[in-house]
Amino acid sequence: MLPLIAWVAGIPDAMVPLGVGALFVGISESNIHPEHRGRIMLWATAWLTALSALGFLVAESAVLVVIASVLVAAATGWAGVAGPRPTLIGVLSLVLFTITVGLPESVELEVSFVAMVGLGGLVQTALFAVTNVARRNRGGPAPEREPTTVWFRVTHPGAQRPTFIRHAVSMGVAIGIATAISQFVDVPHQYWIPMTVAWIFKSDQNATVVRVVERMVGTLLAIGFAFLWGVFVPAPDVALFAAVAVGAYLLLAFLTSNYSIATFGVTTFVLALFAIAGDLYEETVIFRLEATLGAGLIVVVVVFMMKIWGRRI
């Protein structure tokens, strides 16, 4: 809805940040009681905006982009010690950071990009607030909040410390490699490899390998679908907006139940949204296929090396 409003209003540069901000904040509140959703959505909006702002500040320097990417990835990897919700918000924030520092030429990176990310999140939160009364009545009594704060859980990991040290290091290494390749090798879409790595990496290394396979399936299907559509059925903007809506729905509906379908959804969402902004996906389909496979290879190699390292310490 927000990208369509931006398009109708004649501000196409706002479509991507508004759409991504709204979608990611919408994802952050899934599967929790309505009583707590508003708070979670505001936190998600704050983190998404902050990391988008960081991306804006470092985007002009490839070296700073790589350094910041490693630090952000390690921090979001460590955030998983606080539970599944901080893990999700951390991953979404990392994904947005990789998009911000690697935007295609068809989308201008300006201060307004960061502002529109925040606006998208706030609009999504406001829409939730309007419907919250009906949801609260259907949701039953709200569960009690965690007895400790997220900050306490992050700074006092207890027995989970070795697991999340390993995950933070793994995330930092994998994103660092992916970002260095994107920044120092002439590639058409700098965000694609780091974004893919961020989506498929999990603290559970066995689950990560499964997610690599699921991500490959979903992404390759979406790229093939977009290529065939772009070549044989040249899509007007209205049809692309329909693809954006379908992609967002599939991501929201299947994120926890079927990662292949969810990945198909988010890939379709991203490709269609950037296509409306002027990025012709059918011209870079080979790169996207190779980059997706390359990102999966980076994750598998890093996970394998960290397992070897874990046995030695």
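Cβ atoms here come from the backbone N, Cα and C positions, even for glycine.
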Stretch carrying transmembrane segment according to TrEMBL (options 6-28, 167-189, 190-212): 6-28
Among ranges 142-161, 262-281, whichever one TrEMBL labels transmembrane segment: 262-281
Residue numbers, six or more beyond the limits of the transmembrane segment (88-107), whose CB comes under 8 Å of its CB atoms: 13, 16, 20-21, 24, 27-28, 40, 43-44, 47-48, 50-52, 54-56, 58-59, 65, 68-69, 72-73, 75-77, 79-80, 113-114, 117, 171, 175, 179, 182, 188-192, 194-195, 198-199, 274, 277-279
Residues from the same chain, set at least six apart from the ends of the transmembrane segment (6-28), whose C-beta lies under 8 A from its own: 40-41, 43-45, 48-49, 52, 85, 88-89, 92, 95-96, 99, 103, 107-108, 110, 112-121, 123-125, 237, 241, 244, 248, 251-252, 255, 269, 273-274, 276-278
Summary of DSSP states over the domain 'Integral membrane bound transporter' (177-302), given as helix, strand and coil counts: 102 helix, 0 strand, 24 coil
